[in-house]
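All remarks here apply to the structure that follows.
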Amino acid sequence: MKNITCYLLLLCMLFTTCYSLNNDLDALLKLKKSMKGEKAKDDALKDWKFSTSASAHCSFSGVKCDEDQRVIALNVTQVPLFGHLSKEIGELNMLESLTITMDNLTGELPTELSKLTSLRILNISHNLFSGNFPGNITFGMKKLEALDAYDNNFEGPLPEEIVSLMKLKYLSFAGNFFSGTIPESYSEFQKLEILRLNYNSLTGKIPKSLSKLKMLKELQLGYENAYSGGIPPELGSIKSLRYLEISNANLTGEIPPSLGNLENLDSLFLQMNNLTGTIPPELSSMRSLMSLDLSINGLSGEIPETFSKLKNLTLINFFQNKLRGSIPAFIGDLPNLETLQVWENNFSFVLPQNLGSNGKFIYFDVTKNHLTGLIPPELCKSKKLKTFIVTDNFFRGPIPNGIGPCKSLEKIRVANNYLDGPVPPGIFQLPSVQIIELGNNRFNGQLPTEISGNSLGNLALSNNLFTGRIPASMKNLRSLQTLLLDANQFLGEIPAEVFALPVLTRINISGNNLTGGIPKTVTQCSSLTAVDFSRNMLTGEVPKGMKNLKVLSIFNVSHNSISGKIPDEIRFMTSLTTLDLSYNNFTGIVPTGGQFLVFNDRSFAGNPSLCFPHQTTCSSLLYRSRKSHAKEKAVVIAIVFATAVLMVIVTLHMMRKRKRHMAKAWKLTAFQKLEFRAEEVVECLKEENIIGKGGAGIVYRGSMANGTDVAIKRLVGQGSGRNDYGFKAEIETLGRIRHRNIMRLLGYVSNKDTNLLLYEYMPNGSLGEWLHGAKGCHLSWEMRYKIAVEAAKGLCYLHHDCSPLIIHRDVKSNNILLDADFEAHVADFGLAKFLYDPGASQSMSSIAGSYGYIAPEYAYTLKVDEKSDVYSFGVVLLELIIGRKPVGEFGDGVDIVGWINKTELELYQPSDKALVSAVVDPRLNGYPLTSVIYMFNIAMMCVKEMGPARPTMREVVHMLTNPPHSTSHNLINL
């Protein structure tokens, strides 16, 4: 009997083991099915296949088994699955480590996770999980040491149930949408070493009870959270702390001196808050400190002398504060300092001349202070210096010779000082330099004959004393976008070679002693947006072919001796908003119609032999001109008429033939149920249905037979018969995007020549039409603010909730469309890189954005990122406030951002109220001033010159949707 019992027990154990093995295999296969969404590739987890082998699942990629073939670790990383995590995860009840990260998984977490009682590591970071985080799933996870939910879409309050995890060492809920306060109970994690709650929407005060976390080494609470109050002084008692970050968190008050007790701290990041007072000298007790960032606050006073004890410092960021006094001499003695950025303060006196002598400097920026004396000579002793920026100070003397051979340099900016002497010639041959700004100084001498640099995108030498000829070797600067040589003493002719530069967008050589004619090659530089040759001694005529400059916005050749007739082809240059031909020797009659309707008489003043059609002095000239050409016209008309008749016959034949062919060739690809056919869409491509034209193509309104209205965008230069540059795959990705503030892509119709995108129809047109047309007066401030919030939410979705993120590349008021309820929808996202016209130059097709909206760094990097979109959105906010277009209304070469900065300088007593009152849209009869000021300040944050200093779109949404209480009051009339 005893033997039978043992036998049955052994049989039962064997059955249980076999069942568990089969159960693990079955669970993995079901997990694969649920995690693979419709967008997943067929080869995702391709080795996860059914097998009769008891241990087959142990060889699956990312699977680790114990000696009993039970799954104890599952790691599915960076597999684009796009599905969800199913309840079968709970059947893998021997799991000790679960890592499912960067897989684009969506939905809520299954409660069956609570069955994983052996789990030590739970990592679900970098996915799209949503809903409240189910804290009760952790009740049975008594062994859990690491919980990482970073970068998901969780919302609601932070879960308090997890405080029962007494072995927890690592906790990250960063990068989500958690709201409410930080629970006091989080101080009960006795073994917690890392706590990351940054990048959420948390409010309230930072609990001082967090000081009870005596094992804590890293604490990150900032970015997008908006706490009330300041930094709890009690945090200074966490002696184990090595990394403390509470940036961009709405902190107020002063920096607690008690933080100086954190002797093991190596990184302190408190930037982008509202901290005031002085920098506590007690911080010098943090002898391990390597990185100190207190930038973008309201700190005052001087840099404490006691900081000389911080020998391990590698980074000092104090920029955008109100610090004063001198930059202490000991800064130059810090042996490990790599980054010194103290721009936009009130520092004065002379810089320590030993700065950089430690041989470690990489980033150096002291812009916008009151510094004097000479620039330190050894800044590039390290041979690693990347940024050398000293603009807007009172430096004198030459640029140190050590800058010339500094091959690591990427940015040289010394404008607006009193520097003089010749420029070290090596500067113009640096291989990595992207920007050289020497303007508004007293530099002299000639430019070197040989200039090179594949990375140089911005060369600005304006308002100096340079002489000699402009080197033809500038043709070697293949990345050059901006060339500013105005207000110097250059002579000779304009080198024709310059206009062979493939991405040159702006050239200003006004105010020199240049002679000769305008090079004919200028008409071949199709990327040009602004040309200024004014105030020279140029002769000859404006070259033919100007209409080739399709994106030219500014053309100024005033105050020269240019002669001949004004080219009639200018009438077709629809992008040209500023034309100045004044004070030359032009003759004949000013053309009319077309783009000439945009210009006023000042554009042509000072040309004695030039007349306007409406002037009586032109009557006889017009009569003689018409009579002398009458016979010639008769012959031409006859030839044209005969040719036209022939062309009509041929065209009608071809149209019939093509129509029969096209009816078979069009294909409709729908991203949702559409109750119309491709042929119905094509039938709407008529002149009378056009509702918009732009760089992206022509937009038609299409009314389908079932009563549906759609917007049909006919893209330029794209068809399925050509190399589609990933077009189909990308468009299908865009078609899956769903957000109430994103204009929905319904589908597309295509043949071998053309792609037609089908969008929701927006009956109220674009924001640009309402702001800059006759309708502008009907947009109240409340409506403008609402549109700003909705457009920001749409962009935020593209940047933060799409994987991979989508960069719009062409944010502007004309790409923000309004539905019947005036709700804003972001349009044309992700299309800019596909607008390739095979008939245009590559430089043309690569331009990202619209003139006036393009971020300044694009000029020298030729790259866009999400911060480029943020800059463009900031311009849109300024449009909403000011009611004016971003360019064309502020004078030659001045955009809306430059105009605001100029206006601020001209104010007698500058203040936010005075500046906003000076620039606000006069059509707004009444508005809450504090609300306008609030949005204005957000806009100015977005258009900061340096991309990293701009907020993210998440931060913009948070700021716009959480204004101070006072912004809803104070309605005034001005």
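Glycine too: its Cβ is placed from the backbone N, Cα and C atoms.
Per Swiss-Prot, signal peptide is recorded for 1-20, and the stated evidence type is sequence analysis.
Taken from Swiss-Prot, the feature N-linked glycosylation site covers N75 (among others), and the record attributes it to sequence analysis. Around N75 (N-linked glycosylation site), the same-chain residues at least 6 positions away in sequence with a Cβ under 8 Å from its Cβ are G62, K64, S97, T99.
For the repeat 'LRR 1' (92-116), residue counts in helix, strand and coil come to 5 helix, 7 strand, 13 coil, using DSSP. Marked as repeat 'LRR 1' by Swiss-Prot: 92-116.
Sequence annotations record features per position, and here Swiss-Prot assigns N-linked glycosylation site to N104 (among others) based on sequence analysis.
Neighbour count (other Cβ atoms within 10 Å of the Cβ, all protein chains): 19 for N123 (N-linked glycosylation site). According to Swiss-Prot, the feature N-linked glycosylation site maps to N123 (among others).
According to Swiss-Prot, the N-linked glycosylation site annotation covers N136 (among others), on the basis of sequence analysis. Counting every protein chain shown, the Cβ of N136 (N-linked glycosylation site) has 14 other Cβ atoms within 10 Å.
Positions annotated as repeat 'LRR 3' by Swiss-Prot: 143-165. Packing against the repeat 'LRR 3' (143-165) from elsewhere in the chain are residues 96, 101, 117-136, 171-180, 182-183, 185-186, 188-189, 196-197, 202, 801: each is 6 or more residues past its ends and has a CB under 8 Å from a CB in it.
Sequence annotations record features per position, and here Swiss-Prot assigns repeat 'LRR 5' to 189-213 based on sequence analysis. For the repeat 'LRR 5' (189-213), the DSSP-based tally of helix, strand and coil residues reads 5 helix, 5 strand, 15 coil.
The N-linked glycosylation site feature in Swiss-Prot is assigned to N250 (among others); the stated evidence is sequence analysis. Taking all protein chains in view, 19 other C-beta atoms sit within 10 angstroms of the C-beta of N250 (N-linked glycosylation site). In the three-state DSSP classification, N250 (N-linked glycosylation site) falls within coil.
For the repeat 'LRR 7' (263-286), the model's average pLDDT works out to 95. Here Swiss-Prot flags 263-286 as repeat 'LRR 7', drawing on sequence analysis.
In the three-state DSSP scheme, N274 (N-linked glycosylation site) is classed as coil. With a 10 A radius on its CB, N274 (N-linked glycosylation site) counts 13 other CB atoms from all the protein chains. The N-linked glycosylation site annotation in Swiss-Prot covers N274 (among others) and rests on sequence analysis.
Other Cβ atoms within 10 Å of the Cβ of N312 (N-linked glycosylation site) number 16 in total over all chains. According to its DSSP assignment, N312 (N-linked glycosylation site) is coil. What Swiss-Prot records for N312 (among others) is N-linked glycosylation site, and it gives sequence analysis as the kind of evidence.
Same-chain residues lying 6+ beyond the ends of the repeat 'LRR 10' (335-358) with a Cβ under 8 Å from its Cβ atoms: 290, 295, 311-329, 364-382, 384-385, 389. Annotated repeat 'LRR 10' per Swiss-Prot: 335-358, in sequence order, evidence recorded as sequence analysis.
Annotation source Swiss-Prot lists N-linked glycosylation site at N346 (among others). Long-range Cβ neighbours of N346 (N-linked glycosylation site) (same chain, at least 6 residues apart, Cβ-Cβ under 8 Å): K322, L323, R324, N369, H370.
Long-range contacts of the repeat 'LRR 12' (383-406) within its own chain (CB-CB distance under 8 A, at least 6 residues past either end) are made by residues 338, 343, 356, 360-377, 412-427, 430, 437. Here Swiss-Prot flags 383-406 as repeat 'LRR 12'.
Per Swiss-Prot, repeat 'LRR 13' is recorded for 407-430, and the stated evidence type is sequence analysis. DSSP states for the repeat 'LRR 13' (407-430), grouped as helix (H, G, I), strand (E, B) and coil, give 5 helix, 7 strand, 12 coil.
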Glycosylation sites compared (N104, N508, N513, N556, N585) - the one with the fewest other Cβ atoms within 10 Å: N513
Residues of the parent chain within Cβ reach of the repeat 'LRR 13' (407-430), under 8 Å, 6 or more residues beyond its termini: 367, 375, 380, 383-401, 436-445, 447-448, 450-453, 455-456, 460
Site of maximum Cβ density within 10 Å, from binding-site residues I691, V699: V699
Non-local residues, at least 6 beyond the ends, that sit with Cβ under 8 Å of the repeat 'LRR 16' (478-501): 434, 439, 453-472, 507-522, 524-525, 532-533, 538, 858-860, 862
Residues from the same chain, set at least six apart from the ends of the repeat 'LRR 7' (263-286), whose C-beta lies under 8 A from its own: 222, 230-231, 239-257, 292-310, 312, 317, 323
Cα-Cα distance linking I691 (ATP binding site) and N585 (N-linked glycosylation site), given in Å to the nearest integer: 41
Those binding-site residues listed as K693, G697, and which of them has the most Cβ atoms within 10 Å of its own Cβ: G697
The repeat 'LRR 3' (143-165): DSSP-derived helix, strand, coil residue counts: 4 helix, 7 strand, 12 coil
Distant-in-sequence neighbours of the repeat 'LRR 17' (503-525), which means Cβ under 8 A and at least six residues beyond its ends: 462, 470, 478-497, 531-546, 548-549, 556-557, 562, 843, 846-847, 859, 862, 893
Cα distance (Å, whole number) from N274 (N-linked glycosylation site) to N508 (N-linked glycosylation site): 40
